[in-house]
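What TrEMBL annotates here:
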COMPBIAS  1-16  compositional bias 'Basic and acidic residues'
COMPBIAS  375-600  compositional bias 'Basic and acidic residues'
COMPBIAS  607-686  compositional bias 'Basic and acidic residues'
COMPBIAS  694-729  compositional bias 'Basic and acidic residues'
COMPBIAS  756-769  compositional bias 'Low complexity'
REGION    1-22  region 'Disordered'
REGION    369-813  region 'Disordered'
TRANSMEM  32-56  transmembrane segment
TRANSMEM  68-90  transmembrane segment
TRANSMEM  102-121  transmembrane segment
TRANSMEM  142-163  transmembrane segment
TRANSMEM  183-203  transmembrane segment
TRANSMEM  238-260  transmembrane segment
TRANSMEM  266-284  transmembrane segment
TRANSMEM  296-317  transmembrane segment
Amino acid sequence: MEEGARRRGGSEKAADGSEQPAEAGVGLKKEIGLVSACGIIVVLLTWVNCASVRWATRVQDVFTAGKLLALALIIIMGIVQICKGQYYWLEPRHAFEAFAPVDVGTVALAFLQGSFAYGGWNFLNYVTEELVDPYRNLPRAIFISIPLVTFVYVFANVAYVTAMSPQELLASNAVAVTFGEKLLGVMAWIMPISVALSTFGGVNGSLFTSSRLFFAGAREGHLPSLLAMIHMQRCTPIPALLFTCLSTLLMLVTSDIYTLINYVGFINYLFYGVTVAGQIVLRWRQPHMARPIKVSLFFPVLYLLFWAFLLLFSLWSEPVVCGVGLAILLSGAPVYGLGVAWRRKPPALHAGLAAVTRVAQKLCGVVYPEMEPPDPERPEQLEPMSERTERGEGASGGREAKERARRERREKDVKERADGERRRRERGASGRREAKARARREQREKDVKERVDRERRRREGREAKARARRERREKDVKERVDRERRRREGREAKARARRERREKDVKERVDRERRRREGREAKARARRERREKDVKERVDRERRRREGREAKVRARHEQREKDVKERVDRERRRREGREAKARARRERREKDVKERVDRERRRRERRERGEARRERREKDVKERVDRERRRREGREAKVRARHEQREKDVKERVDRERRRREGREAKARARRERREKDVKERVDRERRRRERRQRGEGASEARAEGERREGASGRREAKARARRERRETAPPCRRGGSTIASGPPRVPWRQSWGHSGSTRPPSTWPPTSAMSSCCRSFCRAPRSGRRRAPPSRATCRGSPGATGAPIRATAPW
């Protein structure tokens with residue numbers, strides 16, 4: 001009703017012709033301010049991308065995390081609404097209800113517009129050169145992001161429908177903001193900020209990826225070469241980023257976002273389909289091409305079928321929009337013909353472009369990047385890193401083959417050089433000198449071959465000896481491994497028998513304990529069910545009382561609003577009656593004034609006593625008319641001011657009544673929430689008591705399991721092991737024997753050093769004078785329950801009176 005009143009007021013003001021230009025000016029100022037803010041944000045993000053790739057990725061990570069948190073909040077609120085029973089529009093009979101005529105064309109257009117939200121799956125291909133190990137990380141990122149985005153967006157839309165009807169969704173310019181105003185209350189400011197953060201991150205991602213697209217196109221020669229340059233220190237494509245920023249600012253000219261989405265969506269899907277079809281053609285014509293990332297042809301064919309359905313029916317339903325998109329697409333054909341296809345350009349044009357490129361290079365500080373093209377003779381450079389790693393695992397085993405290949409190449413080179421020398425000599429001068437030279441050459445060749453044969457025989461003898469040593473070592477290792485395996489199997493068989501006996505005993509104890517626990521759980525379950533039934537009954541009683549109170553409060557509010565509306569209508573009718581009376585008096589006064597003017601004019605015409613007297617009378621009449629008009633306008637202004645004051649008082653009374661009603665509702669809601677919170681706390685306390693009881697029963701089972709695993713023999717073994725470790729980790733002064741100066745400790749070296757298979761006795765300890773301060777501090781440690789652990793490896797030096805030679809002692813710890 002307030003909206004209708006505002007519209008009526010706006011129409012009355014427009015009829016007067018005084019307020020319509022002001023409102024138009026305010027709307028134009030708002031639109032200009034919004035466009036200016038968007039332009040500033042685009043320029044700021046362009047500067048960040050020009051400054052550092054790391055900054056751009058950090059900004060993207062931060063704002064993507066903020067967007068996901070906001071969507072998670074929306075999904076949680078939607079789940080809460082569903083738990084409350086607010087799922088009217090999710091029921092099948094309402095969810096599939098059509099509000100407009102449905103045909104295949106509108107369905108295809110809906111797919112085209114809805115796919116804009118999921119259109120980021122292909123942007124990661126633009127930044128393949130920025131990725132680390134792209135052949136592994138690119139598919140992984142796509143396979144993770146597409147299900148995640150689909151899950152989040154679908155459940156966010158489900159959450160929207162729990163609080164808003166489809167008509168409200170279509171009428172809202174910012175669905176998340178409207179959702180927050182309906183459910184978040186005083187915290188509704190979170191949603192506008194989240195929408196702004198999401199838009200900020202989306203613009204940053206588009207700048208980051210689209211600039212790489214222009215960069216790659218310029219590198220292939222389809223755009224000016226300036227766009228293929230990067231900064232000398234920052235390594236960022238600054239010209240491509242500036243070009244992307246300029247094209248983005250040009251898109252701010254239009255205000256119809258849906259038309260722009262239709263244009264962009266149609267053109268994007270047209271290129272997507274052509275690209276996928278090209279992949280199928282390449283798979284057919286060049287089946288042996290190196291393909292680091294390869295998928296089944298089923299997915300491209302399925303995508304092409306969906307693509308054909310989408311584009312054909314979009315053209316049928318929106319021929320004008322799709323035709324404009326095709327016109328925009330075909331507008332690039334002349335540019336391609338002039339810039340790429342036209343090879344023989346005039347030298348003056350080349351010189352001008354080169355001058356512009358040099359000036360831009362100096363301004364931006366950019367140069368061509370140094371690229372290392374892949375070697376066509378080494379197709380493994382185009383293979384995934386995982387395949388190269390698997391193929392290179394046998395590199396250590398193929399060193400001998402490589403060495404043999406190098407030797408064969410050297411022998412081949414020696415033979416080729418000898419053959420070439422021989423052929424050159426045969427083509428030279430003849431005679432005795434040539435014969436002697438030929439003999440010398442043949443002798444040299446014979447000597448070279450003998451040296452090569454001797455070197456080959458020596459190398460083969462060394463390889464045979466090395467092979468024999470390697471085989472002997474492998475045989476010894478296998479024998480040791482077999483002995484160790486047989487010992488381990490014997491120990492495992494004994495341990496298995498002991499473990500089975502213990503497990504049998506433990507199972508019997510566990511069965512007895514389980515039967516007792518089940519009896520206790522049955523009793524506890526019965527008590528718990530009785531308590532939960534009591535809690536539910538109390539909650540139901542409290543809910544019925546609350547609903548009764550809310551119905552009474554709602555009836556009072558409706559009665560008050562009805563009284564206020566009646567008072568406003570009475571006041572409006574009184575004001576209209578007063579205005580009608582004032583209008584009638586004003587018309588009578590104007591009629592009297594006209595009659596007096598006519599009488600005066602007739603008298604003036606009858607007398608005709610002169611022009612000066614007539615002018616004075618007319619002037620007096622005009623002054624009286626003006627005074628009367630000013631008095632009438634003053635009275636009307638006072639009446640209007642009284643009317644406005646009365647309307648203002650009525651609005652204030654309505655606002656005060658609304659604030660009181662909201663305060664009472666807030667208090668009732670707070671009391672209701674406190675009661676629900678108390679009920680939940682009682683239920684949580686009961687649940688925690690039940691979990692503590694179950695945890696105590698689990699602890700008793702764990703103790704029974706520990707007793708099963710240890711047993712009497714296990715405890716004896718643990719004590720013996722602890723005594724052996726204490727003897728091993730004790731310093732020499734606390735082992736067996738009187739003092740360190742008397743020689744090595746009296747403990748048998750096999751037991752002391754903890755290695756039964758060693759054949760080397762321990763080294764003797766230094767005398768007391770050579771013992772380091774760290775050892776003395778350890779030996780003087782108090783005999784408490786916890787011994788301070790010595791360092792694992794210490795180098796002790798003697799005191800100033802000793803020899804000072806470093807002595808290295810390595811203990812088993």
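We number each residue from 1, going along the chain as drawn.
Positions of Cβ are set from backbone N, Cα and C atoms, glycine also.
Source: prediction; values computed, not measured.
Between the transmembrane segment (102-121) and the transmembrane segment (296-317), three or more CB pairs separated by 6 or more residues in sequence fall under 8 Å, so the two stretches touch. Comparing 32-56, 68-90, 142-163, 266-284 for CB pairs under 8 angstroms to the transmembrane segment (296-317), the maximum falls on 266-284. Counting Cβ pairs closer than 8 Å to the transmembrane segment (142-163), the top stretch among 32-56, 68-90, 183-203 is 68-90. Long-range contacts of the transmembrane segment (32-56) within the same chain: residues 130, 200, 203-204, 207-208, 211, 231, 234-236, 238, 241-242, 244-245, 248-249, 252, each at least 6 residues beyond the stretch ends and with a Cβ under 8 Å from a Cβ of the stretch.
The residues of the compositional bias 'Basic and acidic residues' (607-686), classed with DSSP into helix (H, G, I), strand (E, B) and coil, number 77 helix, 0 strand, 3 coil. Long-range neighbours of the transmembrane segment (68-90) within the same chain, counting only residues 6 or more positions beyond its ends whose Cβ lies under 8 Å from a Cβ of the stretch, are 152-153, 155-156, 158-163, 165-166, 176, 179, 183-184, 190-191, 194-195, 197-198. Sequence-distant contacts of the transmembrane segment (183-203), counting only residues of its own chain at least 6 positions beyond either end whose CB sits under 8 Å from a CB of the stretch, comprise 41-42, 45, 59-60, 62-64, 66-67, 69-70, 73, 77, 81, 163, 174, 176-177, 248.
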